[in-house]
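Notes for the one structure printed next.
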Ligand code: PEP
Ligand code: MG
């Protein structure tokens, strides 16, 4: 047995042991004919392939709804739309009729432009490119009569190894059968990674392409915490891995050794994720990413649909706090049908509150109406605004909420005014934290964006990944300043960026004075265990030393 290691980025802090199944959804056209003798035959072949693809998608949709959840199944509706998109069908028709291409070559050509356009936009748009690739490869596979791996029926103990997994690939995975996945492409905050955390599947992304040469059946240990993948582990390595993966789940609130309560909440994007978060013992929801309700569809959900989804989450967490973030569209989360220009740099352009209410006040009004109505329900609802960077912006938002509450009052609709807060994601909001806190009940630090804006390092660009690290002292000092300003302004302060979910950082974050930590459901048990072990005095000393450090390496050494 060897003990070779492949390193990547761990995205689900779980450990899996299983055997390799290589997955390659790409279809190679090199050995196929370019020109066809009879355009009409090719046109017909395309039509038949389209029908077969539509049937496959419908079957996969219902299977995914049953196995994974209704929200995850919606990705297949988006694929059906791509399949019927006139830009694609007309493109194929032209390539067949005018250029005499075979149906396969015509399909390949018709998808080129739309894929390139989505790719150029980066972030979540790049994930739409993955969806288009999916649909194209499905058509090509059908045309070439090739078999495909059914990802929802993988043998138990599979570790899926792939160049990339699209969100629809990931949604199909059965967490009971899949011991983990390893991909060459993808980042910690990519959609597939977020979905893997929701499904509690151990995952490592960004590994070297050598992983694609591993033989099917090779045994692997996938450590989603360290990002290490061990090839052909010996029996001792497997036993040690199994032992260390047994996290316990507790549902009771946690305090430090000295009795200080720290709320450990979950980040969710759908009602189903809220159920998973409850099962893993979250105290509440610290971030409900409402924009997920707007993804993979053609039009925004109306007020009643939003209200329904919010009520479901509130029922799951009846009696607990549920922090709902107002729409955070833009940046790496564009929604194609809202038709907002992403600009040259989407992360610095119209996103968060600059989009809603900024550009789309009517969308915001409907959204906040749904939230205020849900606040009358069984949970302690709280609402927070993303990417606020001026006091004037915040004051206008608070005026909007008051006006919407007055409107509901006048209509005689049942509603409640929730706790109000703001995300701290920009240096501007760090410097204004005191003014914000005086106007609000709470602040929540979004370290994914705060790190990118403090360090000027995009969160989705691997080349600057070492800069996009919240352990850099400037980020820690921004966090400390925010916590202090929040408390001076009589507001509680939480953290909902990925940093909050790393158990290595729990002592430091408690030492920095955070009142709440919110994370992917899967890390809730480990962070709760970490909080219970914190000695307040040592944590404060650790925080002070970290704030005085000059480099992230020094901070890392203090933590280790
Ligand atoms: C953050 O920026 O840290 C955050 C929690 O928001 P999102 O990841 O949704 O941008
Ligand atoms: Mg953010």
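For all residues, glycine too, the Cβ spot is worked out from N, Cα and C.
What TrEMBL records for 8-128 is domain 'Phosphotransferase system enzyme I N-terminal'. Residues or ranges marked as region 'Disordered' in TrEMBL: 30-64. Look at TrEMBL and you will find 32-64 tagged as compositional bias 'Basic and acidic residues'. TrEMBL lists 154-227 with the feature domain 'PEP-utilising enzyme mobile'. Positions annotated as active site, tele-phosphohistidine intermediate by TrEMBL: 191. The domain 'PEP-utilising enzyme C-terminal' annotation in TrEMBL covers 247-534. What TrEMBL records for 425, 449 is Mg(2+) binding site. For 496, the entry in TrEMBL reads active site, proton donor.
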Discussion item. Quick check on the recorded positions: of 425, 449, 496, whose CB has the lowest count of neighbouring CB atoms inside 10 Å?
Written reply: 449
Practice prompt. May I ask which of the recorded positions 425, 449, 496 have a CB within less than 6 Å of any atom of ligand 2, listed in sequence order?
Written response: 425, 449
Practice prompt. Calculate the per-residue pLDDT averaged over the domain 'PEP-utilising enzyme mobile' (154-227) and state the result as an integer.
Written response: 85
Item to complete: Report, as numbers and ranges, which residues of the same chain sit near the region 'Disordered' (30-64): CB under 8 Å and 6 or more residues beyond its ends.
Response: 72-73, 75-77, 79-80, 83, 89, 92-93, 96-97, 100-107, 135, 138-139, 142-144, 152, 171-172
Response to the item:
As a whole number of Å, the Cα atom of residue 496 (active site, proton donor) is distant from the Cα atom of residue 449 (Mg(2+) binding site) by 11
